[in-house]
């Protein structure tokens, strides 16, 4: 069944052809418009081979963690703010992190210290008997395993993450400095 309405692509080609006829005085414009007209006409329904595929999962795996968090280029995006703004952003985030770290640290220290206190109390009253010879034997075994595993070579995963962190710190010195200053203030408050 044929309809009398023309296809949308043919309307674009006809409109482009009319506009290119109006600009016959400028040969550069005519040639570029003609090329666009030809490209539009030739690509109607033919999209094979014209596109390049990009595997986003592989692309995301290759990106450093701060680019995933802050965007493609964290350096220039941070540099677009003034020095005071960068220091303020770093200081506020550092203070919040330090404050939370302090509160969680106090809670963890209280739990560990309280648990140690209760264990000592239970040991002193006789509820728990510690086999100190076995503890000493296990400690020696653990020391030997650490000596065996100890090497001067850092694993590549750790080295690559450390290089990423150093690169981020170098690109964002003001934000990083503000963060550490704010972190220390947050720990103190």
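Cβ atoms here come from the backbone N, Cα and C positions, even for glycine.
Positions annotated as topological domain 'Cytoplasmic' by Swiss-Prot: 1-80 (among others).
Per Swiss-Prot, phosphoserine is recorded for 10 (among others).
Look at Swiss-Prot and you will find 53 (among others) tagged as phosphoserine.
Look at Swiss-Prot and you will find 81-101 (among others) tagged as transmembrane segment, backed by sequence analysis.
Marked as topological domain 'Mitochondrial intermembrane' by Swiss-Prot on the basis of a curator's inference: 102-107 (among others). DSSP labels the residues of the topological domain 'Mitochondrial intermembrane' (102-107) in these numbers: 6 helix, 0 strand, 0 coil.
Per Swiss-Prot, transmembrane segment is recorded for 108-128 (among others), and the stated evidence type is sequence analysis.
If you look up Swiss-Prot, you'll see 129-164 (among others) marked as topological domain 'Cytoplasmic', on the strength of a curator's inference.
According to Swiss-Prot, the feature phosphoserine maps to 151 (among others), an assignment based on a large-scale study or a structure entry.
Residues or ranges marked as transmembrane segment by Swiss-Prot on the basis of sequence analysis: 165-185 (among others).
Here Swiss-Prot flags 186-189 (among others) as topological domain 'Mitochondrial intermembrane'.
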Tally of residues which DSSP labels helix, strand or coil - the topological domain 'Cytoplasmic' (129-164): 27 helix, 0 strand, 9 coil
Three-state composition of the topological domain 'Mitochondrial intermembrane' (186-189), taking helix and strand from DSSP: 3 helix, 0 strand, 1 coil
Beyond the flanks of the topological domain 'Mitochondrial intermembrane' (186-189) by 6 or more, those residues with Cβ under 8 Å of it: 94-102
